[in-house]
Every structure is written in structure tokens, then in C-alpha cells.
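Working notes for the structure below.
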Amino acid sequence: MARKTLRARRFFSLIFPFFFMTSVYAEQTSVSAKTVTVEAKNETFSPQHPDQYQSWKATSEQSAREDALAEDPRLVILWAGYPFSRDYNKPRGHAYAVTDVRETLRTGAPKTAEEGPLPMACWSCKSPDVARLIQQEGEDGYFHGKWARGGPEIVNDLGCADCHNTASDDFAQGKPALTLSRPYAERAMEAIGKPFDKAGRFDQQSMVCGQCHVEYYFEGKNKAVKFPWDEGMKVENMEKYYDAIAFSDWTNSLSKTPMLKAQHPEYETWSAGIHGKNNVTCIDCHMPKVQNAEGKLYTDHKIGNPFDNFAQTCANCHTQDKASLQKVVAERKQAIHDLKIKVEDQLVHAHFEAKAAWDAGATDAEMKPILNDIRHAQWRWDLAIASHGIHMHAPEEGLRMLGSAMDKAADARTKLARLLATKGITHEIPLPDISTKEKAQKAIGLNMQQINAEKQDFLKTVVPQWEDQARKNGLLSQ
């Protein structure tokens, strides 16, 4: 089908939330009579937009959990000393956004609003309650404090008010009324020359997704969300930005390297690929127009794999049949995976070799250039693999980043071999058994029995209290 047909289909689109955000725990405050409070309860909009709501609700069917650490135990070593070494699952349906952030071992087991390892910002891509709290408290108020503070407030899953101005006349009239509900995302788009209010319809469709499906970090004392785009969106640009401000997410507990952890940079990688360059948006592929029982077109909010709706997605532009395109995508995915594993093997060795160098008496000055190579290698690897769809969005860029990561890791290991030789160590540094997730976690000193027990107690005692309080405050419908 011709490109203009796709554009015609877009014109009639009703866009709902693609990417979703976080929330905070704070007391509900009164608002000015001139201010309409963000409505975070998604079911409120079901009577007005029944097809969109029901398809959004169907994301609960995407319930399978895939344990990425069990699939690839090397990750435990690469993230040693960071919460991701405890628990990392592949993404599932957006209906599980709040559930998953509560249940992941990464958020710990806080007993009070002041406890826990993570800041409030960790809610920011999980719920329309985030937009509500930012409106009520301001950004500084929202970001203040620990993650547990948001428990009784952030209770509705990613939904309508994350991407739509649900209080607007346009939305009431059935128009998309797209909006950036996160002020920090609006500032980031302006930093790359894309102010939302001046963007075209198709740009806006991807920008609302880009509120969450991006790389970000926590800035300053308040741990506020910021996108590292001041120098640009390529991996080297963001690396330069982070290096200039001497930022690190954590220090690897084996190598003592100040590390960067990539998040989920789909907007950046999509922008670098052929679809992004031709303005084929996230919506075109993941939220196509479909017909309801009466033959009326609406935007499918069951965000998913384009191949599941091939006739409404890929076939709008491509002349190849489904099997042919699936074969191409599978080959690209395998190529990315194969190089990914090779880079990980080099990085695992580098972390243990760096530990051996420290143990042998290496100095900070001797280790600094080596740790910088490890930092840059793992950052480039991580930005490539953290975007789970890079084999589709930008396979060439993915391979380029992984190739660069391999070079940096090789540089680090060459320097380590020379340094270790000066310490009288010329044999290969042995690796512990990391053939399973459990063995790898034991190798870095994690007491997973205790961590899991504490989490289960938290889920049984604290989370029910959060939900009871939310119901009393009218934040949950049931």
C-alpha cells in the first residue's frame, strides 16, 4: 500500500498512551478552582472511549515473565553492586507497570516512607498518578524523598492521562489531544530542537512515547529525572555528557569501575533507524488502526508486536510477505545477540581481571585509564541491549555500538594484561562458576534467600496498606 495510504490512516488515528510513567506518594492537596486535577483512574474514560479502553486493558494478557538474568547470567557480573544484579525481567504488558515495580527485588523492601534503596523518581514511568502528583506538588515536591513515599499515591497503571490531555475539550470531542505529561520530557525535547507544541502530528505521536522509552538519569540531590541529550542522542554524545559531569549510576563491586546503566532507549535508537528517519512512528507499528464490531476504526491500545497485526502495520508500507520479513528480522536479531554475547564475555573477564589488579596492589593512577575503557565499553553495550527492539528499530546502529564496545573492552584487557605482568601475574585470571543466575549471584556475594524473604514480607504487609490508603483517598475505584 502506498505511503500516502499510511498517512491517511494516521490522520484518523485516536492515539492513547504508548509509554508510561511514574508516580509519587504524597498527601492529596486541594487545587485552584481554575486548575483541573489530572484524572489518573483509567476506567473513568471507558464510557467515552470504550474501544481504546478495552484494548488498553487487554495488555493484561501479556502476562508472561521472562527472567533475563536466568537466560544470561553474565549480566549479574556486569551489574555487580547494582540492584539489577538481583532481578531483571524482560518487559511485559503495561497493565503490570505498578505491580512489577512493586514486586521487583530492585526496589527493596522498605517498611516506612523514608526507607529503601531507590528514590521517588523510580515511579516516573509507571502511572498517570505521576502527572497528577507533579501537578499538585510541583516537580521538586514530586521527586523529593524515597520510592516508598509514593506507594499509597501511585496506584493506577500506565494509561490515558500519561499521553492525553484528558481534561481538554478536544479529548471530550474524541480527538487525541496528545500531551507531554512529564515536564522533564518536554524540556528534553526542546533541548534537541523539538518543542512539542510546534511539532507535527506524527512527531508528537512518537514524542509521547519518548517520555518513557528513553535513556535517563537521576540528577542532583533530589534525584530528579533528566534525559542526557544536551550533547545529542547518539551513544557517544550521551557518553560525553555523562563524562563531563563525572556522573555514574554505581560502582561495580568487582572492578571498582564507576559505571553507567542504560535504561530503555527506544526513542533514541528508533530515531537512528530507517523508520525514525522516515517518520514511521511508534504508533504506526505498535498501535495500529483496527476496526471494531461495527466497522468503526480506532487505535488499538494493546501495544504489541507489529507482526501480530501484520496487515494493519508492516503491510501498509512493505510489499514482502510476513514470512519473508520475519526471516529478515530474525537474522538481524541473531546477529545482535551473537555480538552481544561476545562483548559480555570480554567484559566479564575485564571486571575480574581489574579485581585481580586491585588485589595485587594496583594504584588509582594505574587503574584510571583501564576503568575508563571498561566504563565506555559497558555503556555502549548496555545502550544497545537495553533497547530490546534495536534489531528492528536500528540494527546497523546496534551492531556499530556493540562493535565499539568490543574494541573498548579489548583495550581494557590489553592494558590489564600489561599491568598485571608488572605485578608478577602472567597467568590467566580464573573465573568463578557463573553458569547459572544463582551461581553468579553467589559469586558477587548476594544473599538471595534473605533478599527474597524480605521482599515477600514487604508484599504481604506494606503493599496492602498502600492500597487501603489509596482507596480511602479515592485514588482507586475499587
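One is the number of the first residue shown, and numbering goes on along the chain from there.
Using the three backbone atoms N, Cα and C, a Cβ is placed for every residue, glycine included.
What Swiss-Prot says about this one:
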type: SIGNAL; residues: 1-26; note: signal peptide
type: BINDING; residues: His94, Cys209, Cys212, His213; note: heme c 3 binding site
type: BINDING; residues: Cys122, Cys125, Lys126; note: heme binding site
type: BINDING; residues: Cys160, Cys163, His164, His301; note: heme c 2 binding site
type: BINDING; residues: Glu215, Tyr216, Lys261, Gln263; note: Ca(2+) binding site
type: BINDING; residues: Tyr216, His264; note: substrate binding site
type: BINDING; residues: His275, Cys314, Cys317, His318; note: heme c 5 binding site
type: BINDING; residues: Cys282, Cys285, His286, His393; note: heme c 4 binding site
Cys122, Cys125, Cys209, Cys314, His393 filtered to the binding-site residues whose C-alpha is within 10 Å of Cys163 (heme c 2 binding site): Cys209
Binding-site residues listed as His286, His393, least Cβ neighbours within 10 Å: His286
Rounded Cα separation (Å) that holds between Cys285 (heme c 4 binding site) and Cys122 (heme binding site): 28
Proximal residue to Cys122 (heme binding site) among binding-site residues His275, Cys282, Cys317 (C-alpha distance): Cys282
Heme c 5 site, defined by His275, Cys314, Cys317, His318: further same-chain residues with Cβ within 8 Å of the Cβ centre: Val280, Cys285, Pro306, Thr313, Ala315, Asn316, Leu325
Around the Cβ of Cys163 (heme c 2 binding site), the count of other Cβ atoms that are within 10 Å: 30
Local Cβ density at Cys285 (heme c 4 binding site) - other Cβ atoms counted within 10 Å: 24
His164, Cys212, His213, Cys282 screened against Lys126 (heme binding site), Cα within 10 Å - retained binding-site residues: Cys212
